[in-house]
Structure formats: C-alpha cells, structure tokens
C-alpha cells in the first residue's frame with residue numbers, strides 16, 4: 001500500500017492531494033481568479049500559489065488524518081505548464097522530501113489526468129481525449145507508452161474558449177469555460193464557423209480570429225467597404241458561444257471516433273478541465289453509443305487540475321519501482337505525454 005502526497009500547480013490552480021492504495025484521502029485546491037477580460041500571468045499566478053500552498057498542505061494532512069511519517073512518497077507536477085507556478089510546486093515538494101526524508105517523484109501532468117480518470121471511472125483501455133487550457137490530444141496506450149494519435153497544431157481547445165470569454169468580458173469565476181457553457185445553453189441560432197480538421201490534428205486559432213470579428217465587428221482585420229444599405233449583422237453572445245462549442249466539439253468528436261476505429265476500441269475517456277463540459281460529454285456519448293461503445297468521464301473534482309491526480313500517478317510510479325534522483329527534480333514547460341515510460345501497466 002503506497003501513500004502518496006501530490007502537488008499540482010502548472011496553471012492557475014494549486015492543489016494538494018493524498019491517496020493511499022487507490023483510496024482518496026484528501027483533495028484540496030484553490031484557484032487564482034482574475035477580473036473579467038483578463039487572463040492569468042505567470043508571475044502573479046506563482047505569487048498566488050506561494051501564498052496558498054503551505055496552508056493547503058496542512059489542510060490535506062488534516063483532512064486525511066495523517067502525519068508526515070505516514071507518507072511513502074512526495075510527488076509534484078514536473079510539466080508541462082507555466083514555469084513560475086510549476087517552480088512553486090517543485091520547490092515545496094523538494095523541501096518536504098528533504099524535511100520528511102521521503103522519496104521524490106516528478107509526474108507528467110497529462111499522465112496524472114489519464115491515470116486519475118482510469119481510477120475513478122474504471123475504464124480498462126480507452127481512447128483518451130485530453131482537453132484542457134494548455135493541451136488538446138487524442139491518446140491511446142500501446143507498448144508501455146501513451147501514444148498521441150492527434151493533437152492541436154496551434155492553441156488548445158480550453159485556451160480558445162478562455163480567450164473568447166475574455167473577448168466578450170465573461171467572468172473568470174468559477175472559470176471562463178464554465179460561463180461559456182452556461183451562456184451557450186441560451187443560444188438558438190447556429191452561426192457557421194471555420195471547421196479545421198487536418199487528418200488527426202485540429203486547429204483552433206483561425207476559429208478564434210473569425211469569431212472575434214463576429215463579436216467585435218469594429219475590430220475587423222480585413223476592412224472592406226460596406227454598402228450603405230447593407231445592414232450590420234449583430235450576433236448575440238449566447239449564439240456565438242453556442243456556435244463555438246458546437247463547432248469545436250464536433251471537431252474533437254470526429255478525431256476521437258477515427259482513433260476508436262483505428263484501434264478497435266469501444267471506450268472513450270475524457271480528461272482535462274474542458275472534459276467537465278456537459279455538451280462535450282453529450283456529443284461524445286452519442287457518437288460512442290452509435291458505435292456500440294461507452295463514454296467515461298468525471299466531474300469537476302477530478303477533471304479540473306488537482307493534486308490528487310499527481311499523487312495517484314506518482315503512487316503508481318513508486319509502486320512500479322520508479323526512482324528519480326534528486327538532481328533531476330526540475331520542471332519543464334514542454335513534457336510530451338509519449339515521453340513517459342508507463343512501467344506500471346502490465347497490459
């Protein structure tokens with residue numbers, strides 16, 4: 001039985017989780033929320049994490065009713081992510097490792113999402129759709145690696161949603177993507193947007209530029225002289241949010257279905273913060289049922305970045321005999337999913 005403490009701080013959420021033998025003991029988290037129309041910058045996000053992390057470590061131990069001596073391993077997010085926030089987690093993890101004399105493991109952020117999703121849903125060997133603010137990938141497991149079948153070639157799907165929320169000045173509380181989802185439910189008119197699927201890859205930057213011009217016609221990059229009698233078409237924010245969701249989610253369903261067909265899989269697991277979106281889950285569930293398959297998804301406790309997923313992935317690595325020298329306990333902003341040797345899976 002491995003008892004692991006995990007620290008996640010790759011973006012605007014700082015979370016601490018404790019897990020023992022697959023049983024959740026603690027999962028505490030705080031989010032750095034900025035004013036409407038603003039994103040989160042690395043320096044300010046790191047400051048938020050520094051101010052919150054020690055309180056969260058204490059809260060997680062209290063919730064789990066454990067002492068430091070009860071832990072077997074300290075785990076932290078090694079990457080990918082924003083460097084200053086990542087460093088906060090890494091420095092605290094190194095300090096706790098030395099202070100409590102526990103082994104230290106750096107965990108790939110995406111691997112944490114996948115393994116947490118598999119644990120909670122009990123999915124066996126699914127096609128994984130990993131969708132978040134920083135990543136968009138379609139993944140399948142093969143020969144000790146999580147292989148990337150398709151991905152975004154520019155910005156992530158969550159980044160596309162977040163940036164559009166900033167354009168139309170939606171609140172960042174609890175998250176811009178959630179507020180787009182709620183506003184989209186009021187949409188009644190579908191507006192045709194660019195649909196960009198290139199083989200197994202997708203692109204969202206052009207869609208974002210196009211819908212930005214629809215939302216703010218006065219800021220059009222391509223200024224054409226409009227005839228005086230031509231009316232200015234004004235789209236509601238609800239219709240824009242609805243159309244954006246329908247378009248980008250259809251793209252994700254398409255490449256996921258193609259990966260299912262290629263691998264002969266009957267399971268799809270959605271992980272990452274955007275995976276909480278109920279419309280994405282609904283569209284993916286319809287596709288799976290039409291193929292005789294099944295969709296697996298989790299709620300915001302496990303979809304959104306959390307320390308528990310890092311603890312669980314680290315516990316799996318520790319149980320499989322993975323050892324990380326202390327001098328390798330750095331962080332990296334670029335850490336590919338398929339770089340990790342998945343030595344804890346025997347299938």
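Cβ atoms are placed via backbone N, Cα and C, with glycine included.
Per TrEMBL, the feature divalent metal cation binding site maps to 109, 113, 130, 305. Feature annotation from TrEMBL assigns substrate binding site to 130, 131, 132, 133, 134, 162, 177, 181, 277. Feature annotation from TrEMBL assigns domain 'Gcp-like' to 24-311.
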Query = Around residue 305 (divalent metal cation binding site), how many other C-beta atoms are within 10 angstroms of its C-beta?
reply = 27
Request  = Output the one of 109, 113 that, of all these binding-site residues, has the highest number of other Cβ atoms within 10 Å of its Cβ.
outcome  = 113
Query = Taking the residues 130, 131, 132, 133, 134, 162, 177, 181, 277 listed for substrate, what is the greatest CA to CA distance in Å, to the nearest whole number?
reply = 18
Ask   = What is the total of other Cβ atoms whose distance to the Cβ of residue 134 (substrate binding site) is within 10 Å?
value = 20
Task = With an 8 Å cut-off on Cβ-Cβ distance and a minimum sequence separation of at least 6, pull the same-chain contacts of residue 130 (divalent metal cation binding site), or say none.
result = 110, 113, 114, 136, 137, 138, 139, 271, 272, 337
